[in-house]
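Asker: Let me give you the structure first, and then I'll get to my questions.
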Amino acid sequence: MSASATNGTHYEQLHQGRTKMYKSKVDVVLGAQWGDEGKGKVVDMLASDVDIVCRCQGGNNAGHTVVANGTEFDFHLLPSGVVNEKCVSVIGNGVVIHLPSLFDEVLKNEAKGLQHLENRLIISDRAHLVFDFHQHVDGMQEAEKGGKSLGTTKKGIGPAYSSKATRNGIRVGELLGDFNLFSEKFKSIVATHVRLFPSINVDVEAELARYKDYADKVRPYVKDTICFLHTALRNGKTILVEGANAAMLDIDFGTYPYVTSSNCSIGGVLTGLGLPPQTIGEVIGVVKAYTTRVGDGPFPTEQLNDIGDLLQTRGFEVGVTTKRKRRCGWLDIPLLKYTSLVNGYTCICLTKLDILDTLPEIKVAVAYKKPNGEKLDHFPGTIAELGNIEVEYAVLPGWQTSTEEVRNFKELPENAQSYVRLLESELSVPVRWVGVGKGRESIINVH
């Protein structure tokens, strides 16, 4: 028997006799740009049909807005699907949790009408804790960088992930175990940070007393989420994952170092929830009809002009978490091709198309070029290279009529439909939904 035949037999054997362990799949919603694409609204729309909604990474540096029954909810740690009282919300092991912020968020949204959270929120016992001193260190590190700051949210996310990576972080499960052991670990991690940052001041005894109270408050919510999710999949439960931040903020694939401290791409879903690759079903890339970015870092299609101002004003582009104005620019196809390559989008939700309604013409970035005019066949791997590219634009006619009341794709202006089809054609990924307003009712089903 030849080597190729032998290899073929081995490969065939590899795929024979597979048993279907899971009765359902995990669908994933991911931001395809630099965040603020409208993931929360998409999750809210889909959550009405699922059993479980999960957060897998990040912390309260994320900000999602959901409008339900005329009420606007702001979420930072809670999954956006929590507004659906029929589904369970899971905060996975890959999330870092600042407990004071979590309970503040719960109280604020309960005041707006969020109900019965105690029966449908589950927090992983393996999630790491963010402490106040992490936030102080975050602010100090940003201040030290001066004009070269990264524009972080100063929520302590980076320092908490640093503690996790250096193996001196503290997990939720440890808070709920032997409190004497928790106290020892807490004193140790504080001592380490004070040694590195002598100006921070931590009242250790006061913090321990505070966290003893938090242990009692958080205890009813905490479970082994890995077992919970695998049991749910074996029982055919439908699961939706809400990625925080976005692909271009991913610690590995984003515009490093102007990124967040976790994997906001598809890989972060697996590691942040303890799921194997074969459980993944649909991967929905959420794309804003133009591009925005909060904070510092390269932005090839940014418009520092009247167009940028118009997009910022019409789109109400202010960060949910930071309250900073977002930088605005044209849609960037090379960027989206790159994030689609990394994440494997199976479909797209295009949001905020209505913000472009008043423009007589619309530009779309279709290629990056080197200074010598040569087109790039890859997304630049360094900010130096990205800062040195030239952008080639396609100029499309606008539609100059309101799309806000449109609820059928074929009723959109012809030029608006062409804009959607261009994105579909360039990415070779179907656009399944188009958003033309704030509420969930303003999302058009394309197919």
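Every residue, even glycine, has its Cβ placed from backbone N, Cα and C.
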Asker: For the IMP site that Swiss-Prot lists with D36, E37, G38, K39, N61, A62, G63, H64, T153, R167, T260, R324, give the additional residue from the candidates N180, N245.
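Answerer: Record check against Swiss-Prot: IMP site with D36, E37, G38, K39, N61, A62, G63, H64, T153, R167, T260, R324, extra candidate from N180, N245 is N245.
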Asker: If you measure from the C-alpha of G38 (GTP binding site), which of the recorded positions H64, N245, K323, R324, R326 fall inside 10 Å?
Answerer: H64
Asker: Between any two of D36, E37, G38, K39, N61, A62, G63, H64, T153, R167, N245, T260, R324, the residues recorded as binding IMP, what is the biggest Cα to Cα distance in Å?
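Answerer: The span, Cα to Cα at its widest, is 34 Å.
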Asker: C-alpha of R326 (substrate binding site) to C-alpha of D36 (active site, proton acceptor): distance in Å?
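Answerer: Per the Cα atoms, R326 (substrate binding site) and D36 (active site, proton acceptor) stand 9 Å apart.
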